[in-house]
Every structure is written in structure tokens, then in C-alpha cells.
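Sequence annotations record features per position, and here TrEMBL assigns S-adenosyl-L-methionine binding site to Val42, Ser72, Glu90, Asp141. The Mg(2+) binding site annotation in TrEMBL covers Asp141, Asp169, Asn170. Per TrEMBL, substrate binding site is recorded for Lys144, Asn170, Glu199.
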Amino acid sequence: MGDTKEQRILHHVQQHAKPGDPQSVLEAIDTYCSQKEWAMNVGNKKGKIMDAVIQELGPSLVLELGAYCGYSAVRIARLLPAGGRLFTMEINPNFAAIAQQMLDFAGLQDKVTILLGASHELIPQMKTKYGVDTLDMVFLDHWKDRYLPDTHLLEECGLLRKGTVLLADNVIVPGAPEFLAYVRGSSSFECTHYSSYLEYMQVVDGLEKAVYKGQGSPGP
């Protein structure tokens, strides 16, 4: 069965999903986490909101903060265009290993690069070490108290361009009030809130989409 919940989720996917079929991987994870053990994936309800944002934007270069078991990486990567890339940062080596196996099983390993380490250390290396100019989209789903400092860091490192979309999960539960106050109060961002439910539970949560308009942009 595996020693940890995350290993059990991976084992369930390997037993019940179809190799090379990202949608079946997502469905297997959702089934396990709704019926057996709760886990902090974005889940299907908020996942559909993510899908709509990605399909509208059509991003070629995406950064994810917090890989966990690879659920959202699979969800994002399956919608990327040919040649699209996803970088996902994960500080926990055990989670990173699970996420890599999940992506391999889904057949998405060529679209996704997992970067092991702390986001505040990796973000400043994106241009020099990983050849990133600017990002089309950033999905924030790591430690909630890192949302705001990492947003500042993305700005300071010149990784945001006009039109870059930040999509932040769990802004209500457990909540990211400092991040919300900053992006909603800044003339550099245009924000939209998507109310939904906490993954696999009937608890109100939400996603925040913040579109970067450029440093010190005038208000609407």
C-alpha cells in the first residue's frame, strides 16, 4: 500500500489509471481523495476553474509553486500547447519524487521540469539558470505565507510581463489575506475572485486571478 498517504495515492493511480492518459490520472486521484483519504490537491471543482483560465490564456510558459503529488502539474501540463513548458517548485523531496512518477505515468514528463528547493531561492535563478525570460502564468499553491513575498520576488526578478496571470489557490481556506490585500490594492494587478469549495469538502474556498498590468500601471 505504501508507507505514506502520498505513496498510497500514487499506487492507486498506477493500479486504476491508464498510462499516458492525464485525464484518467486526475480522475483516479480525485476518486481516491474523495472516498479514501483527503489530500491537499486542487481538486476537480477548482480544477475546472483552473482549466478555464488556462484555456482562455493559452500559456506557453507556466510556473507552479508547490507540486505536492503532481495533481495540478498534470492538470496544467495536459492543456499546454506543443512546445509549452511548466516549471514546478517543490521543497519536499518525497513529494517531488511522487510528482515526478505521477507525471511520468501521465506521459507529461517532457513538458514539466520539477525544481527541488525553496521558492525564494529558486525564483531568482529562473532567468540565469533555467533560461526563462518572462512567465505567462504562475500558479500559487504552496505555503500560504509565501504567496506575498514570492509575488514581490517575481516582480523584482522581472519574471512578470504585462498580461502575466497569477492564479492563487486556497485564498479563503486556509487563506492568504496579505496576498489578497496586496494584489487587490495594487494598480499593477487586475483581480478576479472565483468562489468554490475546498478540495473534496463542502467548505467554501476560492481562487484569485491577478493579471499583471505592469509596474505602477494607472488604475482602470
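Every residue, even glycine, has its Cβ placed from backbone N, Cα and C.
The model shown is predicted, which means the values in this text are computed figures rather than measured ones.
Shown are the binding-site residues Glu90, Asp141, Asp169; of these, the residue with the fewest other Cβ atoms within 10 Å is Asp141.
Cβ neighbour count for Ser72 (S-adenosyl-L-methionine binding site) (all protein chains, 10 Å cutoff from its Cβ): 26.
Looking only at Cα atoms, Asp169 (Mg(2+) binding site) sits nearest to Asp141 among the binding-site residues Ser72, Glu90, Asp141, Lys144.
Of the listed binding-site residues Lys144, Asn170, the Cβ environment within 10 Å is emptiest of other Cβ atoms at Lys144.
Separating the Cα atoms of Ser72 (S-adenosyl-L-methionine binding site) and Lys144 (substrate binding site) is a whole-number distance of 16 Å.
For the recorded site, Lys144 (substrate binding site), the DSSP three-state label reads helix. Rounded to a whole number, the distance between the Cα atoms of Asp141 (S-adenosyl-L-methionine binding site) and Asn170 (Mg(2+) binding site) is 7 Å. Look at Ser72 (S-adenosyl-L-methionine binding site): DSSP puts it in a helix. When the Cα atoms are compared, Lys144 (substrate binding site) and Glu90 (S-adenosyl-L-methionine binding site) turn out to be 14 Å apart.
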